[in-house]
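To start, the structure under review is shown below, and the notes come after it.
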Amino acid sequence: MKIAELNLPQALKDFYTGSGIPELYPPQAEAIRQGLLDGKNLLAAIPTASGKTLLAEMAMLKSIAEGGKAIYIVPLKALASEKYDRFLEFSKLPIKPDGVKVGIATGDFDSRDEYLGEKDIIVATSEKTDSLLRNGASWLSGLSVVVADEVHLIDSPNRGPTLEVTLAKLRKINVNLQILALSATIGNAKALAKWMDAALVQSEWRPTTLKEGVFYGRAITFKKEKRTVNNAGPDEVNSLVADTLEEGGQCLVFANTRKSSESIAQKVARSLSKKLQPAEKEQLAKLKQDVLRHAETDTCEKLAECVGNGVAFHHAGLKGEHRRIVEDGFRQNILKVIACTPTLAAGLNLPARRVIIRDYKRFDVNYGSVPIPVLEYKQMAGRAGRPRLDPYGEAVLIAKNYDEFGELMENYINADPEHITSKLGTEPAMRAHALSAVATDFCRSRQDLKAFMDTTFFAYQRGDLSHVIDNVLNFLLEENMIIESKGGSLKATDLGSLVSKLYIDPLSAALIAEGLEKAKKRPDVAEFGLLHLICSTPDVKSLYLRRGDYSWIIRYADEHASDFLSDVPDSYGDDVEFEQFLAGVKTAALAEMWINEKSEEAITTFFNIGPGDIRNLMETCTWLMHGTAEISALLGAPATRTARELAIRIENGASRELLDLITLKGVGRVRARKLYDAGYTSRDKLKAAEIPAIAAIPGIGDKLAVSIMSQLGRKVDHTPPETEEQPQVSGQSTLFSFDG
């Protein structure tokens, strides 16, 4: 089916044909026949790289040309940025007089973001979309198309319930809405399509042939052929990587832990470094410098060394800047190999000639080492083969013995993906969504709420949710977040409305409110008490306790005994409860290190985590501390000012004395400290300074000095020279002392 034949605006057809896409892939053509361009709901359950995004673009842009508006829902912020960048390419498309306006929404969860109403395409995470619904964003009722990318993640215990409820709500508020769901190949696609009232396009077709096999005995056994790996040595991964690179391909290597991915990258880098050409070394040296420009920890320096040899590792413990450098370097074929954890398979567009799945088992805290689902394997395998660049793609598992070889062939290569199931039917999943439905007047009684929940995928699969709903509503009543009249109508209290808008778990809010009531009886509220309070909530993923942690954490808890705003369990009582308490103390200790300006290196070393983990954890803590300040203000507790200051300090990793400087754009924790130590302890002192004096401070430079003065409202005549801005450098490097 030719692009030129489609019922699309001519400008869009010209755009695609001019981009080298003259005709559709078979699954895309089937989607057209099923009514994609006629406003019909559609579920496309097709492999990676078979053109799902193009389906979304055509549906959205045709609707926009007719006066509509679209939202593109993704599971990850990184994927949102990738799609946003792609859709910006349509901004000058003359299908509307003023072009196509694109927006992105991944930030604060307590805003309506009404400015997005001016956009034609909005890219958002499912959590952000849910929060926009809770905060009453008026433009949502004007949507004509909703695209749900990676919709099979309804199966995820963490993200699934939010995506499921969000889709159900959007369908209810706009009956003419077209829903386009994009999914990996799943076992029960028909059931998911039926729930959505959608036509189903299901296919195994790929533009690049995918060969799936198992490496054992110096050969890869595929379904229909066997291939010997030349010069295979004792290290299977190195052998498979070398074999791919000799043919001009790139490799992704999936490992089950961050440490394993780093170890693999280092081994492959040592091997590859001897084979690099001078021109390649020059490109890689530049990329290495890009990594070092943002380096503050051993992990970053380790990454830089690997990158200098054409290899990288990629996991959630890396800083966002480093992940982007790695991804871009791989897309540009400067980096040849990435060793990564399975998070890379969750949507990011980074295909490679060969995908090596080194580990097919992962550790589960309840069951030990367990095999990964077939669906997860298929997601990783689907990254093999770059369309129009590779003649084929290969996904290779590694067997350690003959029995394992047979198991891998049967359980993965020749297996079908599992059915996905809704995870909405638990009280933790239901709490926030029930409160949201009541707080937004979406549901005004128990009957309303049950009727709405009957429209979810959970109800479609498993039936009645009444018992769970009743338990959750009773909890919300007990915690004074909703009230129920004698006539049965439900209404949110001021606390309930606030909690819903803040987008935090009602149980977290209940624990925070309880702690703040205790604060009313204290002469003052300790910072550590507030840090521990938020780190003890279900919204914060507490740090794991290691064997060597117990003595210092118990000692530290004793030193802060008078600070705690939550009950301190008896160490001789419930072991689980006491361990949870200690985990909260450990996590709060990390937050305290962060706001006391300890270096990332000190924190990552002491707590054995990655720099990306610090950022992710502090982002959550910032939001919860902001929520704590809002709840404190509502309850009239004495913690409001302290909590507001702490939220700013956690966000920036700064001491209290830097509050006046830290909120200046471009001034991070390290630069603020340098300014303060140079005598510029306030904005007034900074404003009175001479620009050259500010620029001379290490890490500032002319460009930032001019920017700072402009932000302070000072007239600037100084023109900075055209020099590269100095990178931020690491500050303190001493390990955290628990002696006060």
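Backbone N, Cα and C atoms are what each Cβ position is placed from, and that goes for glycine too.
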Matching residue for the ATP site, where Swiss-Prot names Ile46, Pro47, Thr48, Ala49, Ser50, Gly51, Lys52, Thr53 - out of Gln10, Gln28: Gln28
Among 97-100, 105-108, 149-152, 577-580, Swiss-Prot lists motif 'DEAH box' at 149-152
Using DSSP and three states only, what is Gln28 (ATP binding site)? helix
Using a 10 Å radius on the Cβ of Ala49 (ATP binding site), the other Cβ atoms enclosed count 21
Ala49 (ATP binding site): secondary structure state under DSSP, collapsed to three categories: coil
Around the ATP site formed by Gln28, Ile46, Pro47, Thr48, Ala49, Ser50, Gly51, Lys52, Thr53, list the extra residues of the same chain whose Cβ is within 8 Å of the site's Cβ centroid. Tyr25, Pro27, Ala44, Leu54, Arg206
Taking only the residues the record lists as binding ATP, namely Gln28, Ile46, Pro47, Thr48, Ala49, Ser50, Gly51, Lys52, Thr53, what is the largest Cα to Cα distance between any two of them, in Å to the nearest whole number? 13
